Every structure is written in C-alpha cells, then in structure tokens.
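Just below is one structure, and these are the notes that go with it.
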Amino acid sequence: MASCLSLLVAIILCFSSLQCSNAIGKGYRLISMEKSPDDGSFIGYLQVKQSNKIYGSDITILRLFINYRTDHRLRVHITDAKKQRWEVPYNLLRREQPPNVIGKSRKSPVTVQEISGPELILIFTVDPFSFAVRRRSNGETIFNTSSSDESFGEMVFKDQYLEISTSLPKDASLYGFGENSQANGIKLVPNEPYTLFTEDVSAFNLNTDLYGSHPVYMDLRNVSGKAYAHSVLLLNSHGMDVFYRGDSLTYKVIGGVFDFYFFAGPSPLNVVDQYTSLIGRPAPMPYWSLGFHQCRWGYRNVSVVKDVVDNYQKAKIPLDVIWNDADYMDGYKDFTLDLVNFPHAKLLSFLDRIHKMGMKYVVIKDPGIGVNASYGVYQRGMASDVFIKYEGKPFLAQVWPGPVYFPDFLNPKTVSWWGDEIRRFHELVPIDGLWIDMNEINATGHKASLGFKTIPTSAYHYNGVREYDAHSIYGFSEAIATHKALLAVQGKRPFILSRSTFVGSGQYAAHWTGDNQGTWQSLQVSISTMLNFGIFGVPMVGSDICGFFPPTPEELCNRWIEVGAFYPFSRDHADYYAPRKELYQWGTVAESARNALGMRYKLLPFLYTLNYEAHMSGAPIARPLFFSFPEFTECYGLSKQFLLGSSLMISPVLEQGKTQVEALFPPGSWYHMFDMTQVVVSKNGRLFTLPAPFNVVNVHLYQNAILPMQQVVAFPAGASEGYASGKLFLDDDELPEMKLGNGKSTYIDFYASVGNESVKIWSQVKEGQFALSQGLVIEKVIVLGLKGTWKVSEILLNGSSISNETKTIEVSSKEQMYVVGSEDEGESKSFMVELKGLEMLVGKDFNISWKMASTNVLSMAGNEVIAR
C-alpha cells in the first residue's frame with residue numbers, strides 16, 4: 001500500500017572529500033593488547049592522538065575486542081571504553097556479547113601485531129592504529145584501514161560521528177549495501193554514495209535509499225584465475241553513508257559502535273552460509289507461499305475479492321493466495337473489519353470456500369494504531385503502556401486512520417499486547433498470513449529533517465532507547481513480534497511479508513520491494529533488488545508484478561509475468577488509483593501467465609527444496625550467475641539474467657518492442673525447459689541471441705543438474721562428464737520447523753550416469769516414510785543429450801527386467817538440435833529418451849537402467865525424470 005507522500009530524504013554527513021575526512025580526526029594509537037585466557041579472544045585499548053570539536057568531541061579511550069568464533073569468521077568490535085553505547089540489541093539479533101565491564105584502560109606493552117585464525121589473519125599497526133585482514137590461503141588482503149597512501153583519513157570515533165575506511169583493489173566486484181534501487185545493476189558502482197536509513201521512499205526513485213538497512217557487502221575477486229569471495233558486515237543500526245570510490249570504501253555513521261564481522265568464504269555460497277549462521281537462517285516458508293499471489297489496494301468489498309478469484313479460475317491462471325490491502329478495515333484501523341463492505345458472515349463464507357479449494361488469505365497490518373477512545377485496540381494498548389514516547393507522552397503522528405500512536409516493539413509488554421490483538425483478530429477472521437507494511441516507521445503530519453515521514457529521532461522507546469539509535473530496526477522488531485504471535489495463534493509455520501527489513505529479518509519474514517513503477521526500468525531493477533536480498537539473507541523476495549503505479553502497458557505486463565513467475569515470492573499488486581492489472585485483464589498477458597506460471601507450478605518441488613536449502617544454509621533461492629560460475633568473470637556484473645538454485649537460468653525480455661533476447665551462457669550445455677529439443681552449447685561461454693516472441697520466456701537447465709518438478713524431476717548431465725546429481729525435500733509444510741528427524745519429512749538424493757552403452761538413474765532416500773504416506777511416485781523419466789541412437793533395450797527396474805513387471809512402460813524419443821557457438825566444435829544434435837508409466841515410489845530407493853542399442857553412445861548431456 002502506498003504512503004500518503006513520496007519524498008526523497010538523504011542523510012548527508014560529509015561529501016566524499018578527502019579534506020573533510022582529514023580535518024575531522026587524526027586517529028588513535030594502540031596502547032595495550034591482551035589475550036583472554038578463557039576463550040582466546042583479545043582485548044585492546046586505543047587512545048585518541050589529537051582531539052578536536054568537529055562533529056563533537058572525540059571519545060578519548062576506545063576498547064578493541066577481537067575474536068574468531070568459527071574457522072571462517074572474524075569479529076573486530078570497537079566501542080567507548082568508559083561508557084556503554086547503543087548496539088543492535090542482543091536479544092533481537094542473538095550473538096556473542098563482548099565483555100561488558102567498562103574499566104580503565106591498561107597500558108601493558110603491545111607484544112603482538114598479528115592475530116592468526118585458521119583462514120583470516122588480523123594484522124594491526126600501533127600508531128596510528130589501523131588493522132588489515134588477510135587470507136591465509138592466498139595472502140590476499142581483504143580489508144585494510146591503513147591510510148598510508150593518503151587516499152582516505154584516519155579512523156574517527158565521536159559520539160555522533162564515526163568514520164573508517166578500507167582500501168580495495170580496483171578490480172574487486174562489490175555487491176550489497178541496501179536496500180537501494182540500483183539502476184546500474186547488482187554490482188556496486190564507484191563514486192556512488194550508498195545511504196542506509198530505513199525510510200518510506202518509494203522505489204519510483206532510482207539510486208536512492210529505501211525501506212531496509214543492510215550494511216553488508218560481498219567482495220568477489222578473481223586471483224590468478226581462481227575466484228575468492230568474502231563478505232563484510234558492519235553491524236550498526238544507525239543511519240550511515242557508505243562511499244565507494246573504486247579503490248576504497250568509507251563508512252560514515254551517525255552513532256553506535258564499529259562491530260565488524262568478516263566472512264572468509266571462499267565461494268559465494270560459503271559466504272551466505274557463514275553470514276546467515278550469524279544473523280539467523282532464513283525462515284522456512286509454507287509450501288503454499290510459493291504459489292501465485294494476487295493483491296490490490298482497492299478490493300473494496302467481499303464480492304470484488306470473490307470475483308477476482310472466480311476470474312482467475314475462468315482464465316485458467318493458477319492462483320494460490322488472495323490478499324486484501326486496508327480496504328477490509330473499519331476506517332483503516334488495525335484488527336478491525338468493515339462490516340458494511342466485509343460483512344462477517346459473508347467474509348467467513350468466502351474464506352471457507354477458498355480454504356476448501358486449498359487457497360489462502362493474507363491481509364495487511366500497518367503499525368499505526370488509531371487514537372480513538374472507543375477503539376478497543378487503542379484502549380488495551382494505552383492500558384499496557386505500549387507506545388513510543390515523546391516528551392513523556394505517546395508520540396502523536398498522522399497516517400491512514402488519522403491520529404495514531406506507534407507500538408514500541410522493544411517493550412516486552414508490547415510484544416504480548418500485539419500477540420493478543422493478533423489472536424483476537426484471528427478468532428474474528430481466520431487469516432493465513434500477515435503483511436506488515438509502512439514499518440520504517442512511516443508517519444506524516446509533522447516537520448522534521450532526518451525524521452521526515454517518520455517519527456522524531458528524539459522520541460524514545462522502552463528503557464529510554466532513542467529513536468535516533470533504534471529507527472532502522474523497527475520493522476525487524478515488528479517482524480519478530482508478529483512471527484511469535486502467528487506461531488502461537490496458529491501453531492503452524494508462519495507467513496509474514498514485511499516492507500522494512502534489517503540484518504536478520506529473513507529469519508522471520510519474506511520481503512517485497514515496495515511501491516515500484518509500471519515501467520521497463522522498474523522491471524529491470526526488480527532483478528537486481530531480488531538478487532541483493534538473497535545476499536542479505538532474505539531469499540523469499542519479489543516485486544509487484546506489472547508495477548504498483550501508474551498504468552502499465554499490456555506489453556510490459558506481458559513481459560513482467562514472464563519474469564515475476566520466477567521470483568521466489570510471486571505476487572501481482574497494484575495501487576488504488578491505477579487501472580486494474582490482474583493477469584486476466586489482457587488476453588496476451590493471460591496466455592503468458594498460463595505459460596510462465598505453468599512452468600513455475602511444475603517447479604514447485606524444486607522451489608520448495610531451495611526453500612529448505614535456504615533455511616539450512618542461507619543459500620539464496622534466486623542467485624546471480626556468479627554464484628555457480630565464480631571463475632567466469634563475464635557474469636560478475638550481469639543483472640538481466642538470474643539463476644534459481646545452482647542450475648536453472650532465466651533470461652527474460654526486459655526492453656520494449658523486443659522479440660529476441662541476448663543472453664550470456666556460461667560454458668557448458670543448457671537445455672530449454674519449455675522445449676527440451678533445444679540445447680545451447682557454449683565451450684567457453686558467450687552471448688547468444690535467442691528468439692523470444694510474446695508468451696515465450698527462455699528458461700534453461702544446466703548440465704549435471706537434477707531438478708525435482710511437479711510431475712517432473714529433471715536430470716541433465718554434461719556432455720563431457722556423463723553424471724548428474726540433485727535432491728528433493730518433502731515435508732508437512734504446516735510444521736513450524738523444517739527439518740529431518742520429525743517423522744514428517746523426507747529427503748532424496750538423485751543420481752544419474754551414462755557409460756558402457758548404458759544409462760542408470762537411482763535414488764538414495766532418507767526417512768522415506770513421509771513420502772510413502774503421501775503416495776508420491778515417479779511416473780516418467782526423460783534422458784536428454786544422448787549421442788548415437790535413441791533405441792532402448794533391456795530396461796531394468798530395481799534389478800528386475802521390466803518385462804517381469806505388470807506395468808506397461810512406454811518408450812519414445814525426440815531429436816535434440818544444438819545451438820552452438822561459432823568458435824565451438826562438437827556435436828550438433830543429440831537424442832532425448834522418455835520412459836512413461838514407471839510409478840516408482842518416491843519414498844523408496846529406486847534404480848532404473850537400460851542399454852542403448854548402438855555402440856555410438858558417448859555420454860549423457862542431460863536427462864530428466866518425471867514424478868507424479
């Protein structure tokens with residue numbers, strides 16, 4: 001839902017001027033360093049070299065805390081040695097807390113200048129103090145605060161101004177620092193400031209700070225032909241500007257501490273695994289949330305919502321979740337129902353109907369609570385004293401209901417009150433998920449600079465915490481409270497969609513990218529933003545398909561669903577004032593939707609398995625190509641294509657009037673998912689121009705992968721290797737936890753190989769009872785990329801000849817045509833073989849093999865197994 005206003009707010013601390021930095025501070029000297037006998041951590045003290053009053057007084061003595069919590073994670077924490085400073089609350093983002101004893105600085109001799117970990121080595125200089133982080137494996141320096149080359153100033157640490165810089169190699173590729181609408185793609189652009197301060201600035205504005213704050217970046221470098229990735233997190237919730245100059249990076253922060261975490265990687269997947277092991281693994285999502293969602297601000301009554309559901313059915317476009325924006329509320333008041341337009345009995349009848357169809361219902365909640373003496377939610381909130389204060393009273397703001405107070409989610413009483421209100425509403429309306437919006441916080445009706453469209457930075461939270469300090473964690477704290485409430489009320493796996501996010505939000509909520517435009521540029525930017533959030537640990541992400549506002553041309557909506565069908569979170573949503581944009585509004589768009597969403601629904605088991613991988617290791621669902629091809633430097637800046645998982649590549653049309661797409665194909669064989677007779681082969685990796693008429697989206701599966709699908713499990717393997725592997729996770733998706741060992745989940749490893757004139761496909765099942773209880777079977781096998789002949793003989797199923805089985809197996813084949821680069825050599829065609837009628841139980845190990853009639857079989861370029 002849009003806010004009342006859309007204005008650009010920027011925090012300008014100091015423009016990227018070297019003179020400005022040098023004038024601010026002269027740095028610190030290290031005066032002591034000691035090793036803790038308990039855990040091997042180090043504690044040191046720093047003394048300011050020369051104090052001044054620019055931006056306030058320097059903090060005289062700082063405490064330095066260093067530790068290695070894992071083999072691949074280093075922490076460097078710098079704070080005031082004499083006074084406790086604000087940090088992201090340890091009860092919200094759980095992590096090790098440095099010693100909290102504030103004492104006098106010691107002046108013991110500094111006897112070490114290097115602290116070694118298994119992979120990351122910390123090196124520091126004494127005067128002026130600086131530190132560098134170096135890899136043990138290749139000697140590469142990944143972070144270096146020394147200003148010896150005078151490209152930036154010394155470290156500055158004042159009460160309301162902190163500054164620190166690092167040098168960088170000019171060929172480093174950086175990603176992250178969001179949420180930001182990056183018009184130039186996912187790769188950070190030198191000489192652009194990146195502001196981090198959660199605010200309600202719509203994504204209409206490009207290259208600007210948006211709803212979330214994620215002060216983390218990934219650095220990908222190619223060192224002598226080998227790729228190394230690492231990540232750096234500055235865990236700080238204050239507003240900050242980050243200046244990237246190509247050869248250096250400077251942080252300018254308006255408070256808090258320096259709390260740096262370094263993650264060694266070395267692969268991009270290693271990095272997100274290490275990062276999410278600290279900030280929290282992404283939340284497991286219910287299976288239904290991976291279906292298609294429809295929403296609009298302006299579904300003004302139950303009949304309109306019912307018509308939308310009916311029209312999707314008539315158009316034969318899949319729809320799993322219907323949403324209501326604030327239209328269902330009484331006067332925009334949270335936890336209320338407009339009994340005129342949404343009569344309780346009529347709404348319950350509608351929900352009963354869609355629930356029987358397997359559909360779900362999600363509604364919006366804004367944090368602002370209407371100030372109304374007859375409003376029970378307000379009354380109970382006042383009685384429990386749950387609102388943010390200003391000058392001793394609840395802060396009065398203006399949002400949709402009129403005058404509002406904002407809940408203080410740092411207050412334990414607020415969390416309890418919020419949970420009780422959700423319980424009460426759920427008893428009234430059996431919702432399946434919640435959408436928490438405008439939680440940056442968004443507010444209007446007062447004058448401020450930094451606090452414009454939010455609450456004053458001098459407002460305060462529980463225990464006297466200033467809004468100045470806690471502003472950017474508001475949406476995060478609300479997501480935690482909402483997750484706790486839904487879990488308690490439903491006893492099921494919660495689904496929450498949040499606009500504002502912070503470090504760790506992915507542990508509790510999905511995210512959509514806010515109020516975007518119905519423009520071609522917004523379509524392009526949606527991919528970059530989606531890929532960034534995978535790096536941030538929020539893999540369940542998507543943008544408003546067809547754009548939130550203004551009117552969207554038919555051609556654009558046509559192309560947008562071809563992209564949006566492959567967002568991890570796939571939802572069509574539009575503004576109240578925009579024309580209707582449901583996918584059935586245009587004939588050509590409906591056809592594209594049936595095609596693209598039809599493929600998405602086939603991919604649901606695959607997407608759900610990616611959801612499991614994300615929950616277990618932080619692996620993004622949607623990924624940049626460099627995650628799978630880190631040595632292929634041509635894809636480092638690629639933002640117009642993306643991968644789902646490690647091997648499924650989407651290459652959409654993103655420009656008006658185009659009926660073909662120029663796509664980059666990393667080295668190997670790629671199989672078209674919509675027409676498996678088409679194969680793209682590139683020996684060294686290159687651009688290919690592919691046809692892309694309306695209703696066609698280029699989706700390709702890479703060699704050596706196994707792809708579990710609805711009715712299909714695909715096994716492509718490489719022409720040179722003849723081996724493929726993959727996996728499938730199944731469970732009761734209502735369980736709060738997503739894991740093996742609970743008796744209600746199954747995990748399958750699939751394998752396939754070609755050799756000695758035979759093809760073999762087999763599985764290894766862990767805890768198969770759940771899959772057996774669901775009656776799931778593999779019905780069809782398709783093998784792609786066979787050389788020589790398609791003729792199949794001597795089919796064996798679990799060691800027995802298929803002729804001994806009572807089932808009838810159908811065998812068919814098609815020729816595959818290759819698109820081969822002009823510089824490449826090799827075969828120009830192959831064969832795909834399909835076996836139907838297998839009915840192999842998913843919950844039991846299976847082994848199927850057959851002989852090929854020709855001796856010309858060389859290897860398997862790809863294969864596919866289909867499960868029903």
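Every residue gets a Cβ built from N, Cα and C, even glycine.
Listed features, source Swiss-Prot:
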SIGNAL    1-23  signal peptide
CARBOHYD  Asn144  N-linked glycosylation site
CARBOHYD  Asn222  N-linked glycosylation site
CARBOHYD  Asn301  N-linked glycosylation site
CARBOHYD  Asn372  N-linked glycosylation site
ACT_SITE  Asp437  active site
ACT_SITE  Glu440  active site
CARBOHYD  Asn442  N-linked glycosylation site
ACT_SITE  Asp515  active site, proton donor
CARBOHYD  Asn756  N-linked glycosylation site
CARBOHYD  Asn798  N-linked glycosylation site
CARBOHYD  Asn804  N-linked glycosylation site
CARBOHYD  Asn847  N-linked glycosylation site
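Features as recorded by Swiss-Prot, highlighted on the structure.
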residue : record                      : CB count, 10 Å
Asn144  : N-linked glycosylation site : 19
Asn222  : N-linked glycosylation site : 16
Asn301  : N-linked glycosylation site : 17
Asp437  : active site                 : 26
Glu440  : active site                 : 28
Asn442  : N-linked glycosylation site : 27
Asp515  : active site, proton donor   : 24
Asn756  : N-linked glycosylation site : 9
Asn798  : N-linked glycosylation site : 13
Asn847  : N-linked glycosylation site : 14
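Residue pair Asn756 (N-linked glycosylation site) / Glu440 (active site) shows a Cα separation of 62 Å.
A distance of 29 Å separates the Cα atom of Asn301 (N-linked glycosylation site) from that of Glu440 (active site).
The Cβ of Asn372 (N-linked glycosylation site) lies under 8 Å from the Cβ of Lys333, Tyr378, Pro401, each on the same chain and at least six residues away in sequence. In this structure, the C-alpha atom of the residue listed as 'active site, proton donor' lies 14 angstrom from that of Glu440 (active site). Taking the Cα of Asn222 (N-linked glycosylation site) as the reference point, the closest of the recorded positions Asn144, Asp437, Glu440, Asn442, Asn847 is Asn144. According to DSSP, Asn798 (N-linked glycosylation site) sits in a coil region rather than a helix or strand.
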